[in-house]
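Since the structure comes first, as structure tokens, the remarks are kept for the end.
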């Protein structure tokens with residue numbers, strides 16, 4: 001029986017290799033090359049066998065970037081993972097970076113484990129390396145004595161928007177139900193009759209048309225906010241078509257759309273503001289360290305009108321990060337390029353050297369926080385990617401959390417996007433004892449403009465003019481299902497956090513109290529006991545009817561994720577599972593049913609990435625071989641009987 005299955009498997013792999021050679025791209029890889037890769041992919045069912053796959057990938061990478069890229073394109077097309085143009089574009093940009101990584105690291109070890117985790121969905125993230133972030137001064141006990149309470153003066157308003165993903169190539173009446181990861185474009189190979197025409201203001205399978213972005217900025221102006229914060233991602237999700245020229249044009253479109261804005265906008269770089277997507281090299285990537293400098297130069301010049309010359313200069317020299325004091329306030333904003341802590345930033349795998357602080361961003365953050373503490377300022381930290389998600393390196397999230405805990409009395413808010421969801425994350429002084437008294441910091445995560453992840457939405461904060469704490473958070477949204485949406489979207493108040501959740505906590509919320517981390521921890525306790533309250537949160541999270549199909553499992557993991565601004569404590573799924581009935585392990589070691597494997601993905605930032613395609617390759621080869629072997633075995637069994 002074992003030998004017969006082995007024969008069937010060998011036959012299947014041989015067939016796949018022949019098929020792949022027949023469907024290769026113009027610059028065809030050798031037959032043995034594709035065969036070896038297919039065989040290694042089929043066996044990559046766990047961390048150990050993923051290392052075997054890396055050996056084959058490394059061997060291919062040493063043959064040159066072109067052979068490496070063409071081999072992967074060939075397999076992508078063979079397995080029909082994506083349309084042919086997507087298979088080509090998805091590997092042409094980042095493929096050479098990944099080939100560089102593989103040539104630079106061994107096939108086994110910690111870095112390879114990280115690579116397998118991020119790129120192919122197997123291997124757990126290694127344990128956090130012990131590292132203590134250096135601080136210029138210890139925390140003074142005198143800071144503990146007094147904390148300014150919110151004033152009774154009227155709050156001022158601040159708008160928070162994110163993930164606008166403006167699609168300059170959005171084509172009205174094009175196919176909204178296409179075969180690509182992103183639709184509503186006039187793709188040359190989409191020649192069938194239109195089934196769902198793209199409306200002028202967007203579709204849930206598509207990114208934001210320019211007219212929708214114009215509507216957003218008009219709605220923001222109507223809020224009479226003092227300023228706005230934008231937590232990144234301008235470029236659309238058609239990542240297989242993105243190059244430097246496209247990013248520059250998208251960035252220019254954003255600047256043009258905001259040129260008439262009545263208020264300053266303080267931005268952060270997203271993982272899409274670079275080409276290839278996600279690719280911010282470290283300054284240790286010798287010969288490649290300046291590959292993203294054009295992004296920093298572009299952002300510095302474009303943002304200068306809002307952030308001023310000193311901060312714009314910091315953008316150039318601190319990898320897209322900056323710090324500024326908001327005029328006529330004692331509020332400092334520190335904007336960080338979180339791309340250096342992102343698991344699918346391909347440049348973070350080209351060395352086995354331990355680098356706890358890539359490009360010195362934590363050091364920059366600490367220096368600015370110390371200046372703020374010395375000056376008696378309060379601080380908002382902003383960036384694209386929240387630090388508690390499954391797509392963050394556990395090490396960097398841990399070190400970032402050390403900074404948050406050290407300056408917890410100076411930091412009064414953190415603001416992120418990236419997940420496309422209306423949600424939040426809490427940091428604790430003791431993650432093993434999570435209470436309202438140990439909750440130390442709050443991360444506000446903004447929903448997206450792009451309809452791809454639900455109805456378009458943005459947030460408006462009521463901010464105390466003395467403490468700079470958030471007194472209320474209001475979400476405004478526009479509903480694609482409304483009859484007049486495609487002519488003129490109406491932005492309406494979806495809910496007020498104070499009005500919705502304040503009455504639910506024990507004793508209610510005092511009128512003079514801010515929405516503190518302790519308050520939000522109490523809200524999570526309400527979620528645990530009150531299904532109605534949780535279902536409302538789940539409904540508003542995506543503005544599209546809620547996400548929990550396996551309700552109790554989803555609820556438990558969602559609450560765990562909310563209480564985990566440090567990613568190592570997030571028990572939502574941190575890896576994807578696929579093929580051969582494989583189980584998926586949660587962070588705490590619990591087995592999660594396969595039907596839930598995608599329910600807890602931490603972000604929807606991408607429409608498709610190279611890591612998605614690599615995961616699909618492993619799944620596709622495995623399931624194809626499994627299906628063929630099963631079919632052959634079934635025939636053998638019938639004949640035997």
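Placement of Cβ uses the backbone N, Cα and C atoms for every residue, glycine included.
Annotated features, as they stand in TrEMBL:
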type: SIGNAL; residues: 1-20; note: signal peptide
type: DOMAIN; residues: 157-421; note: domain 'Calcineurin-like phosphoesterase'
type: BINDING; residues: 163, 165, 233, 420; note: Zn(2+) 1 binding site
type: BINDING; residues: 233, 271, 384, 418; note: Zn(2+) 2 binding site
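Cβ neighbour count for residue 233 (Zn(2+) 1 binding site) (all protein chains, 10 Å cutoff from its Cβ): 29. Taking all protein chains in view, 30 other C-beta atoms sit within 10 angstroms of the C-beta of residue 418 (Zn(2+) 2 binding site).
Taking the C-alpha positions, the distance from residue 233 (Zn(2+) 1 binding site) to residue 271 (Zn(2+) 2 binding site) comes to 7 Å. Here the Cα atom of residue 165 (Zn(2+) 1 binding site) is found 13 Å from that of residue 384 (Zn(2+) 2 binding site). In the predicted model, residues of the domain 'Calcineurin-like phosphoesterase' (157-421) average a pLDDT of 97. When the alpha carbons of residue 163 (Zn(2+) 1 binding site) and residue 271 (Zn(2+) 2 binding site) are compared, the span between them is 10 angstrom. Between the CA atoms of residue 271 (Zn(2+) 2 binding site) and residue 420 (Zn(2+) 1 binding site) there is a gap of 13 Å. Here residue 384 (Zn(2+) 2 binding site) is positioned 11 angstrom away from residue 420 (Zn(2+) 1 binding site), judged by their C-alpha atoms. Of all the binding-site residues listed here (165, 384, 420), the one with the fewest other CB atoms within 10 A of its own CB is 420. Around the Cβ of residue 163 (Zn(2+) 1 binding site), a 10 Å sphere holds 31 further Cβ atoms from the protein chains shown.
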